[in-house]
Amino acid sequence: MDVCGWKEMEVALVNFDNSDEIQEEPGYATDFDSTSPKGRPGGSSFSNGKILISESTNHETAFSKLPGDYADPPGPEPVVLNEGNQRVIINIAGLRFETQLRTLSQFPETLLGDREKRMQFFDSMRNEYFFDRNRPSFDGILYYYQSGGKIRRPANVPIDIFADEISFYELGSEAMDQFREDEGFIKDPETLLPTNDIHRQFWLLFEYPESSSAARAVAVVSVLVVVISITIFCLETLPEFREDRELKVVRDPNLNMSKTVLSQTMFTDPFFMVESTCIVWFTFELVLRFVVCPSKTDFFRNIMNIIDIISIIPYFATLITELVQETEPSAQQNMSLAILRIIRLVRVFRIFKLSRHSKGLQILGQTLKASMRELGLLIFFLFIGVILFSSAVYFAEVDEPESHFSSIPDGFWWAVVTMTTVGYGDMCPTTPGGKIVGTLCAIAGVLTIALPVPVIVSNFNYFYHRETENEEKQNIPGEIERILNSVGSRMGSTDSLNKTNGGCSTEKSRK
């Protein structure tokens, strides 16, 4: 039976009396106009259907069959996925990646693992997340989520670019440390600070010159004291100022005997007075740092603190020796003065105290520390070369009457200065065989020294650039904060996340 050009087919019984149960969909008329004539072609299809169904009690009405072209074929029931099994499409500058939501949710603190963070990049029209970032790098970023926290840099991605991607996707400090370790970078030492507020202030004051203006002032004073101490150490050796404290035999008329006395006492020496002033500052600085340090064990492991201790020991040793000499016989005073001169020589190590306030010396020390293996190989190669060539030159010159090489140990000095390309000329071979040995020794020395030098230079460049980057990073936060505050004050807007349809909206607060 045809009604209005429609064929009969079975449809489920629908209650059209309640029009609220019919959902609005684009392209379908849902406005039931009661004023429309019954069966009028211009009326709504649903209103006409309502009339036809109400007039017949049989379910197989004229409107109960529709053409097969307009009916969707029956299919399987839809499977409702839980949140963890949902697929997520990530578009990286046009290259689409697909993963599951539970894979990203393993790391909720990251950009992709945090829903609110990643929703800022959601494209509701395409139902995907779009990032205008480096495409090859995302292979390593996605592998981090899939592997449960293993970071691997793709071979075709530079180190600095991949490091920027790790920072952008907020993978965290552990991922960055793992990446730097895999790439062969040396891990930065952790900075320990005292828990006590007063101790922390004094520790920063004396240990970190860049922490405040007062710390920089203390650093300037320390440098001046070190310079004065080194200057005094050098000036007192001049002939017009030198005081060797030579012993003089003086006859005592009262006792009718002779005794040995010093030409000048140490306590009347102006250099000793200046030295005492410097030692007071060094001791005060060392004791204060030891009291407020966060770890007493680490304090004695620090090479700089050991240098500070060694630099003040000669003064107290000299003071004790001077006091003891007043009661010791003259025979032991000569030995005491010899020991005293050796102890005073240790004062030269005070020059290393400047490295505490010099970034260049610190970089040099870190380079030597990181290159200990290469330096050990260099010394080992030199040792082999010295033994080999000193033996060869001895046997080449053994029959020469005027030879400088009377034994193999005498040839050690010649081999060292030749392999290091110094060549003093105080010892030289005279026979043709000895000259051939000398030529081979010089060539071997050049090759031995040149091999580890590139590694040492590479370590120096690494520490130098790392220190430069750290200084730049210290200046960046303040500049960024200033720019953000300036922009925020001009725009007067704050960004808020609108979770409707996965979008992100901006609410502007106008004053």
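Here the Cβ of each residue, glycine as well, is placed from N, Cα and C on the backbone.
Quick look at what Swiss-Prot lists:
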- Asn256: N-linked glycosylation site (CARBOHYD)
- Asn334: N-linked glycosylation site (CARBOHYD)
- Asn498: N-linked glycosylation site (CARBOHYD)
- Cys293: S-palmitoyl cysteine (LIPID)
- 22-50: region 'Disordered' (REGION)
- 489-511: region 'Disordered' (REGION)
- 421-426: motif 'Selectivity filter' (MOTIF)
- 218-238: transmembrane segment (TRANSMEM)
- 271-292: transmembrane segment (TRANSMEM)
- 303-323: transmembrane segment (TRANSMEM)
- 339-358: transmembrane segment (TRANSMEM)
- 375-395: transmembrane segment (TRANSMEM)
- 436-456: transmembrane segment (TRANSMEM)
Same-chain residues at least 6 beyond the ends of the transmembrane segment (436-456) with CB under 8 Å of its CB atoms are 367, 371, 374-375, 377-378, 381-382, 385, 389, 392-393, 396, 415, 418-421, 428-429
Is it the case that the transmembrane segment (339-358) and the transmembrane segment (218-238) touch, counting contact as three or more CB pairs under 8 Å in which the residues of each pair are 6 or more positions apart? yes
For the motif 'Selectivity filter' (421-426), the DSSP residue counts stand at 0 helix, 0 strand, 6 coil
Cys293 (S-palmitoyl cysteine) -> DSSP, reduced to three states, gives coil
Sequence-distant contacts of the transmembrane segment (271-292), meaning Cβ under 8 Å and at least 6 residues beyond its ends, amount to 194, 196, 198-200, 202-203, 206-207, 221-222, 225, 228-229, 232, 235-236, 241, 243, 299, 305, 308-309, 311-312, 315
